């Protein structure tokens, strides 16, 4: 009998659409495949500023693929929580779905703990399946297999997902307007990243050497106190969650006129045509929200299409322009740095901008210039200038066989005015096969599928807004 009651509590406490266990499996697999594809794309961008900014994602190793999976799994889980917020949290309690159960003798505490445990079990299954698939896919690349940091990275990703889940489920009990409650998920994710950065946790989990020792994650006084904050927040959230959910599950929400007015027993309120009035008001509000939603979707799609077109035009201009053809815009020459000879002034694949100079323009020693050679345009800095305007040009990197290059002023295309490594990354990505397909297909697909996208979002619940 007790077993039957427990099973009934389990079913009633987890009011949700039936989802097959295979859906969780394939969701984890799809996230792993997406992470692996991103890793392959990033390997084509290793000679860029990304290798200095996010080296943990750029290395040819298991550490990079797993770190990418941890990040992508967290982001996609946030999206998943936003989409299914009402089903994955305790929002159903505020909707009075537990009131009848509690009044009929079902233990709210058991139902609360059951739903919480089921959610945590799903998280572990989803995350673990994707984690294993990521490792299996990485084996195809034959990277060195290092088990030590794999265990540490597994804990890193699981902790973050549990963190945002518990906090979100707790907050869902205090917010009556469930539409606004979805912002709690995003805010929780932002707080997690702020804690990562402020506690030194981000630097710790980005270092392959440190992550080979799992005890560094728990080194409160040495490495980072992030997990200490995690334990404190989760314990407080769980206690608050259980107490609050157990309390409000035994009450029901009433209309405002019954809740805000102190009436004697037996007094009844009659509001003529109230239902019709509410239908008209709700229909008007829905229409206004539909208009606002349509405008928002249109604005986002137009912005995405415009950005794609601008990127395509920019890539086309930089790809076809060359100093030899005297291609310039507003007196500037855009040039992709192809070597690392001028590091750290110019990194490989930086997009550098040079002021175009003529015969009468002056150049000075130690200026970085773009000049003509038999092999094509090159960069260097002016070491000396003689009275005949002949220049000795050097690079930052020297070799034993390297000789000074002597050029005349007519060989100089321009002098350096600035560089943008991130535009260089964009151009480098756009010139890959995946980047070309993405830049060309996005505008076409968005233009063609605008109405289906809008209708799909409405059907999936966005029309409530």
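The chain as shown is numbered from 1 upward.
Cβ coordinates are placed from backbone N, Cα and C, and glycine is handled just like the others.
Here is what TrEMBL says about this protein:
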| type | residues | note |
| --- | --- | --- |
| TRANSMEM | 24-42 | transmembrane segment |
| TRANSMEM | 62-80 | transmembrane segment |
| TRANSMEM | 124-145 | transmembrane segment |
| TRANSMEM | 151-176 | transmembrane segment |
| TRANSMEM | 183-205 | transmembrane segment |
| TRANSMEM | 225-243 | transmembrane segment |
| TRANSMEM | 296-318 | transmembrane segment |
| TRANSMEM | 422-450 | transmembrane segment |
What else in the chain is close to the transmembrane segment (422-450), if you only count residues 6 or more beyond its ends and a Cβ gap under 8 Å?
-> 37, 41, 44-45, 47-50, 297-298, 301, 304-305, 308-309, 311-312, 314-315, 318-319, 336-337, 347, 349-351
Compare 24-42, 151-176, 183-205, 225-243 by their Cβ pairs under 8 Å to the transmembrane segment (124-145) and return the stretch that comes out on top.
-> 24-42
Between the transmembrane segment (62-80) and the stretches 151-176, 183-205, 225-243, 296-318, work out which stretch tops the count of Cβ pairs under 8 Å.
-> 151-176
